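So the structure is just underneath, and the comments pick up after that.
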Amino acid sequence: MLGRKKNPETVQTESKSVESKTHDPLRRLGVLDDEDVLLMLQGSKMMKVRSQRWRKDRRLKLLEDCVTVWCESSKTSRKSNRQQTFSVTEVECVREGCQSECLRRMTDLVPEKNCFTVVFRGGRKSLDLCCHTQEEAERWVRGIRTLKDRVSNMSQKEKLDHWIRGYLRRADQNQDGKMSYDEVKHLLQLINIDLNEQYARTLFKKCDRSCDGRLDHVEIEEFCREMMRRPELDAVFRHYSGNGCVLTTLELRDFLGDQGEDASLVHAKSLIQTFELNDWAQKNLFMTQNGFTMYMLSKENDVFNPDHTHVYQDMSKPLAHYYISSSHNTYLTKDQVTSASSTEPYIRALNQGCRCVELDCWDGDKGEPIIYHGHTLTSKVLFKEVIETIAQYAFKASPYPLILSLENHCSVEQQAIMAQQLQSILGKKLLAKPLSDLPLKQLPSPEELKGRILLKGKKLNGLLGKTESWTSFTNSSDEESVAGGNKKESKKDLARSASTKLSPELSDLVVYCQSVPFSGFETANQRPPSVITSFSENEALKLIKDSGKLFVRNNSRQLSRIYPSAQRLQSSNFDPQDMWNAGCQMVALNFQTPGEQMDLNQGRFLPNGRCGYVLKPEFLCDPKSDFDPENTGGGPGHIPTQLTIRVISAQQLPKINTDKPNSIVDPQVWVEIHGVSIDKARAKTQRIDNNGFNPRWDCTVSFQLQLPELALVRFMVEDHDHKSKNDFIGQFTLPFTSLRTGYRHVHLLKADGSTLSPATLFIHVKVVRRGVHIKTVSERIGKA
């Protein structure tokens, strides 16, 4: 006998158990009866496509957590295992048909209606797939979109619940629906916590009501509730609650007043109606501890001001009065020497709200202009394909004007082709003539240019005199040097660039962003507002140091674009804050390179609905401003402010070293101020050993700010390491002017800017301006 026949009742019970495991996440996501999601759970065979030569049959299947999609592969390495799955939370969008660069080149080899592309956030490559039927492709597209929308609309508490249940399934190694003590220890390792052995056993025994040495479904839930208790949050609740059990509307109103929010009874009642889960409490207008936790973890209580999540600033000012989200070498996927040129980075940048993208244009074969990093090993992409991509995605994330920064190295003939392609593809979106025939006194506003695409480039019959008008002059202050500063060819190439003629057709399309070299501020003041000058980072820093006031005044009426040094061959970035301090509008960064500089950029453009335009402080918009970014001991914008932040705790920080199951993070938190030089500062908490699940610091840091309007606040969490460099865990950056006071949660982001949900920091923020502080209710009745 090879094996014992299972009892039919046992088989039926196991079948129901498996079914219920799948139904739980379906029910929580509200997709229990969704036929598209049910198809995904069954799995489908389809073709994975990378090129015309690389096409492999794969089976894709949605796993039981209803968030993870598994792609069958014969590879067995740990890295490949990670790449075999993706979470719908990592998906930026799903594109139907042959919309990717790869699939567009294969329309004669694959049926377009059977294809779709999964585009991920961050640096992960897109996934091109071809199903056997059109219906199957449509159902997978709908299914992924449905799950993506449902997960993004979950409350923070629901996300935590879903997160912990996913780990429970992984920890239940024999999949019997119960957990032994060893499986519980495995769970603790998975969720990044190293509990004291005695405490873990005590907690296990406390929850083991059946006393059989294994936790069933109900007991596991109790164990998780105990694990996820937030004593620091409970303390805040008890402080405001008269009886320690519920908050009345009056008590909740007092709490809201201390938070610096709308402290009305109407607002307090609306929060109870929204976040209270208990029917009796909701009916009687009480908020229980669970309801309070739901509220505290919600976006309503986020550290970032929710009023700033939509366009709230005046968009009728001249373009020069705004910071403009700008990308450098937009076409590159990685470094400036060997990486691929592609349309994908344009899509990513535009979807992030970028409003100025760069096109490095060169003569291509067969009369077709191309885009690549000249005289390097980077691959090439057709100019036409890039413009088609821009036409499709230009205004998906923002309705405000998009600027195309042309680095023009093409012959007159191919420039004419560029002009024709720009007009035929972009159509009415392309601004080809001024909005008014009247002489230009100031640049038009983002509101006036809504939905329009502007060209930044050289112009004939411009400002350099008629005898010079047929030449596209190039110098280090106006155009980026070719090939990132290749010395062997730079003299020859620059000489050739200096005599490159400009096509009248292309010149005519340049309206409000005419590129001119910098010839001093006296000359700049005599030029119209429609000119723009590009500076390398080093040139800009020198101007800020030597002529800061003049630079600020110039930037109040004309646009300036700052680009990274040619020596940054790995596409690294400079600190954009110094340029923003001087009022520079277009501080172009390598969007393909994550890091602190891109964190700052994301934080700078987080407010105003992430539309890519943020109004500069008034003292940077005044043509007679006396503001000097290098000397900020007083003067315009000077508002002495004390910022005090208490870093209380963190929740659900992820494991960093996933290759080592026993590795648990030792987190510490940095709080950084990025602003004018006198305000720049950082402070850190102590580290907490072996606890990424619910570390607690209760550490207070304080900063003295002189120009709060220019300051960014960055929270960064890292894994402390004695032997090597600390590992980055997550961060969140926002303008000081968008920072909310009181008890707040900081929802952390990954290095690529995507969400690290459900990881959060719990903090308390206090702001005192000009030495005057109005005491909160808590401070009047006693310290919390």
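Every residue, even glycine, has its Cβ placed from backbone N, Cα and C.
Here is what Swiss-Prot says about this protein:
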- H328: active site (ACT_SITE)
- H373: active site (ACT_SITE)
- I664, D666, N690: Ca(2+) 4 binding site (BINDING)
- 16-25: compositional bias 'Basic and acidic residues' (COMPBIAS)
- 486-495: compositional bias 'Basic and acidic residues' (COMPBIAS)
- 48-78: region 'Substrate binding' (REGION)
Practice problem: Could you pull out which residues elsewhere in the chain have a CB under 8 Å from any CB of the region 'Substrate binding' (48-78), counting only those six or more residues past its ends? | Solution: 21-22, 25-26, 29, 31, 37, 40-42, 84-89, 102-103, 105-106, 109-110, 115, 127-130, 140, 143-144, 147, 151, 162, 165-166, 169, 659
Practice problem: Express the predicted model's confidence over the region 'Substrate binding' (48-78) as a mean pLDDT, rounded to an integer. | Solution: 82
Exercise. Take the Cβ of H373 (active site) and count every other Cβ within 10 Å, whichever protein chain it belongs to.
Key: 27
Quiz item: How big is the gap, in Å, between the Cα of H328 (active site) and that of H373 (active site), rounded to a whole number?
Solution: 11
Quiz item: Do you know offhand how many angstrom separate I664 (Ca(2+) 4 binding site) and H373 (active site) by C-alpha?
Solution: 42
Practice problem: Determine the most Cβ-crowded residue among the recorded positions H328, D666, using a 10 Å radius around each Cβ and all protein chains in the structure. | Solution: H328
Quiz prompt | Other C-beta atoms that fall within 10 angstroms of the C-beta of N690 (Ca(2+) 4 binding site) | solution = 16
Exercise. Run through the region 'Substrate binding' (48-78) and tell me, per DSSP, how many residues are helix, strand and coil.
Key: 1 helix, 14 strand, 16 coil
Quiz item: Do you know offhand how many angstrom separate N690 (Ca(2+) 4 binding site) and H373 (active site) by C-alpha?
Solution: 46
Practice problem: Could you state the whole-number distance in Å separating the C-alpha atoms of H373 (active site) and D666 (Ca(2+) 4 binding site)? | Solution: 42
Quiz item: Relative to the Cβ position of I664 (Ca(2+) 4 binding site), how many further Cβ atoms are located within 10 Å?
Solution: 23
